[in-house]
Structures are given as structure tokens and as C-alpha cells.
Amino acid sequence: MYGIEYTTVLTFLISVILLNYVLKSLTRIMDFIIYRFLLIIVILSPFLNAPNYGINLPITGSMDTPCTNSTREEVFLTSTLCWYYPTEAATEINDNSWHGTLSQLFLTKGWPTGSIYFKAYTNIASFSVDPQLYCDYNLVLMKYDATLQLDMSELADLLLNEWLCNPMDITLYYYQQTDEANKWISMGSSCTIKVCPLNTQTLGIGCLTTDTNTFEEVATAEKLVITDVVDGANHKLNVTTNTCTIRNCKKLGPRENVAVIQVGGSDILDITADPTTAPQTERMMRVNWKKWWQVFYTIVDYVNQIVQAMSKRSRSLNSAAFTNRI
């Protein structure tokens, strides 16, 4: 009996000793692996040059949230700048080498000559149909015209903000806008927009759903239309679809790599959607000069201050992708 108990105790002690030995062996092996891994990291770290993403960046909200950039003063060496101007500027200057002249002047401000791109547009109406902004920073010059003030404001609203858009089938469905950020954006050679608000029984309010002549006309033969109606109410729409495309869009936030520079005019463009708030003028500037050379000289002189108010995080704008995100 005592022999069996002694054997059991001895077996238990041997098991404990073996287990302790195994654990110590595993610990030494793991320490060896970890130390070798750390040694490899220390040796290779001077040869690795990878950016550190996401440590202090917000993971919610707009990706356009401005973040501190420790290399901001060197941004011009690795960035592109697009300059959009009306063709009348080139006509007035009448100099085939004026692009090269401005590129050399930009060089004095720290911008390499190969990073500046000049793009002309005929007029506000034509630019509204097919705006394309591809550079890291985009400066859009608009000469003030009192007869086109509203068109300029709509174009500025389109350019200075990001929009998430989806197609609208106005022949089959009614549509409503859910909040102030929800707008209907139309583009085309000629956009005429008519709307008929509906009650809860889908009957027209002040109009007949079967007679488009009774609809309220909110835009007539325009190139770009941003339509805002009463939120929460269904609407039946009538659009010149053969010459115009309409999309249901949601304003996501600012497109911070775009700035609009108004040339001349006594009034400052305002793209504020809500009439009860202060005017929205972020990245909207004005230059008051009569001659285009003077306008260009002024902008070159202040280009670095203008860019400091911008961010190159935003997506590019291509109206060809209008069905998804602009």
C-alpha cells in the first residue's frame, strides 16, 4: 500500500519536473525568436522608408478633414497646379509665350515649371457642362458677369463641394429631397426643369400630374442646374432628357483642392444653400483688376497663400463619373 503511494508521489514529482523543463525550454525558444525578430527589424529599419498612415487621422467623417502636414513647405515640389482661365484672357494678352512667362514666375514662388498646367475654357456655360479637375490643386478663374451671377454661383457650388450622385428615372418614379444637403443636379446643352409637388395622396399641389404645362418651371434652357425643392415632399419632374441629364445628389463636404477666384465685380459670389446662415466663401477669392496680365501677376504673387488654404486630399472631378461621385 505504501509502495503504491510512494510510486504515485514520485510519478507526480517527475511530471512536475518535466513540465517545468518543457516550459523553460519553450520560453527560451520564444525569447530567441522574438529577440532575433527585433534584431532584424533594428537592422532593416534604416533601409525602410514607408509613410505612417492612420495613427492620428479620423476614421469617420469626410476624408477631406485637414490634417497637419509636417512637409507642407515642400508641397510644391511634388504637387501639380492647374490654372483654368477663360479664352478671352489669351485673346487679350495676344502672346504665344505667355504660358512660359507665367511658368517662370511660378518658379520664383517655388513651383517647378513642369508642375503648372494651363487650361482654357470658352465661357461659364460650356465649362459647366464638362468640368474636369485633375490636378492636386486647381485654381478656377471666373470673370464676373452680372447676367451670369447665378450660373457662376451654381458652378462654384459644384466645384467646391463633393457630391455623391445616382441616376433618376423621372418617367417611373416620384422623388423627394431628404435634407438640405440633398439636391438634384442637371447638366447638358439645354436643361429645362419643371416640378410638381405632391400631397400624401400623390395628387399635385397646384398642378396636375398628367399635364406638364401646369408644372412649376424652376430652370429654363440652362447648362447647369442645382435644383432645391421642399424637403420631405414627393415631386414629379419634367426634364428635357434629350439634351440634359439629371442626378439625385448628396453633398458630402468640401472639395478642398479647388479654389474659385472671381475676377472683378462689385458683388462677391455666395454659394450658401441655407439663407439663414453666414455666407459661405471658403476658398472663394476676388481679384479686382481690369487687365488680365495684372490679374495673373496678382495670383502668382499670392499663389502660396491660396494653396495654404487648400488641401490635396480631395478627389478629382470628372463629369464622366457623374453617375457615381463628383
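Cβ coordinates are placed from backbone N, Cα and C, and glycine is handled just like the others.
What you are looking at is a predicted structure, and each value in this text was computed from that prediction instead of being measured.
Record check: Swiss-Prot places Asp228, Val229, Asp231, Asp301 at the Ca(2+) 2 site, and the matching candidate among Gln132, Gln149, Gln177 is Gln177.
Matching Swiss-Prot disulfide entries to the candidates Cys82, Cys165 identifies the partner of Cys135 as Cys82. Reviewing Cys165, Cys191, the cysteine that Swiss-Prot connects to Cys249 via a disulfide bond turns out to be Cys165. Of Cys135, Cys165, Cys196, Cys244, all annotated as disulfide-bonded residues, the residue with the shortest Cα distance to Glu216 (Ca(2+) 1 binding site) is Cys196.
Among the recorded positions listed (Cys135, Cys165, Gln177, Thr214, Asn238), Asn238 has its Cα nearest to the Cα of Cys244 (disulfide bond). Asp95 (Ca(2+) 1 binding site) and Asn238 (N-linked glycosylation site) are 47 Å apart (CA-CA, integer value).
Spatially, by CA atoms, the recorded positions Cys196, Gly206, Cys249 include one closest to Asp301 (Ca(2+) 2 binding site), and that is Cys249. All chains included, 12 other C-beta atoms sit within 10 angstroms of the C-beta of Asp231 (Ca(2+) 2 binding site).
Taking Gln177, Gly206, Asp228, Val229, Asp231 as the binding-site residues under consideration, the smallest Cα distance to Cys82 (disulfide bond) is found for Asp228.
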